[in-house]
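Report on one structure; see the data block that follows.
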Amino acid sequence: MATWNASSPAASPCSSRRRTKAPARRPSSESPPPRKMKSMAEIMAKSVPVVEQEEEEDEDSYSNVTCEKCGSGEGDDELLLCDKCDRGFHMKCLRPIVVRVPIGTWLCVDCSDQRPVRRLSQKKILHFFRIEKHTHQTDKLELSQEETRKRRRSCSLTVKKRRRKLLPLVPSEDPDQRLAQMGTLASALTALGIKYSDGLNYVPGMAPRSANQSKLEKGGMQVLCKEDLETLEQCQSMYRRGECPPLVVVFDPLEGYTVEADGPIKDLTFIAEYTGDVDYLKNREKDDCDSIMTLLLSEDPSKTLVICPDKFGNISRFINGINNHNPVAKKKQNCKCVRYSINGECRVLLVATRDISKGERLYYDYNGYEHEYPTHHFL
């Protein structure tokens, strides 16, 4: 009779023999010794709150910051800290005055890389404003007289109610004086890294031109009449010839860049159109540009448009605003911003509201439509 061998390859699969314990692991000099791991709860229970300590240290280090100009530490809500040197400055102590707390990074005058204002040559000034050649004086006089005759012939003989008409700008007669006036504007724009623009710009990625529809204006928008439209077109052609209103851009240590009359300007004279990039207001809510102008105020906030003269602009961005909280400062207003519907699109025009004498600075109300701009620090 044959006997059964358990080690034989022909062993029965029904055998009840099984391995109940793994063999002991052989020690190896290469493998590290076993480590006991702690749970995350045990680690967090014994950890030190480093972040909170840093925040407390930061608060303590900034609690004694004082203004570098006046030496006072009062008015924490108006004390700006330079993001580079950590020195403090009151907004009203800075020159020029800062009217609102910057949203992004802010650098003091010593740490900022400000471009020095430099004078430009005649060739560079003409190239900056894209003026090809000065028209001869007699040709200009004949052209203006011909335009006047055409406008007189187009007038109706019927008696109408007297209306305040928009007047065309009157440039200085001396061409050298006009060149010097344009030179001050070119130097100011160059110092801020802004390119000259005589119209609205529609940049890809911002608001398209199709979004600029005056019919979307909340409550409606006044339409520029035909006669005033002819005056506007006449002034725009004069701008392209280098015939600008008698204005110069000067730098004031308190107010920054300001616009000053270099000759007399009559009431209701067209000064300039507010120009720049057109964008949706929702895209500029965290923008530090202090010269944003409302173009279209829509019932739907997502369709409200603004003009942003941070990359392209003209002399209109340098005209300062009045202090709405000071009755005396309100008397300085001598021009206004008016929004018109022109060919179904919104446009913003700057117009004189009274006679302006030579040497007088130009001011208008920044809060003419919306009371959103802080002017309590204005002079």
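Backbone N, Cα and C define each Cβ position, glycine as well.
As annotated by Swiss-Prot, transit peptide applies to 1-44, with the evidence given as sequence analysis.
Feature annotation from Swiss-Prot assigns region 'Disordered' to 1-42.
Sequence annotations record features per position, and here Swiss-Prot assigns compositional bias 'Low complexity' to 1-15.
DSSP assignment over the zinc finger (64-114) gives 3 helix, 7 strand, 41 coil. Per Swiss-Prot, the feature zinc finger maps to 64-114; the stated evidence is sequence analysis.
The motif 'PIP motif' annotation in Swiss-Prot covers 122-129. Residue counts for the motif 'PIP motif' (122-129) under DSSP, helix first, then strand, then coil, are 7 helix, 0 strand, 1 coil.
Per Swiss-Prot, the feature substrate binding site maps to M221, R339, Y369, E370; the stated evidence is similarity to another entry. Around M221 (substrate binding site), the same-chain residues at least 6 positions away in sequence with a Cβ under 8 Å from its Cβ are S214, R339, Y340, S341, C346.
The annotation domain 'SET' is assigned in Swiss-Prot to 245-367 on the grounds of sequence analysis. Broken down by DSSP into helix, strand and coil, the domain 'SET' (245-367) contains 15 helix, 56 strand, 52 coil.
A simple way to gauge crowding: the CB of Y366 (S-adenosyl-L-methionine binding site) has 24 other CB atoms within 10 angstroms, across all the protein chains here. What Swiss-Prot lists as S-adenosyl-L-methionine binding site is E255, G256, Y257, R317, F318, I319, N320, G321, Y366, Y373.
Over the zinc finger (64-114), the average per-residue pLDDT in this prediction is 80. The sparsest Cβ neighbourhood within 10 Å, among the listed binding-site residues (Y257, F318), is found at Y257.
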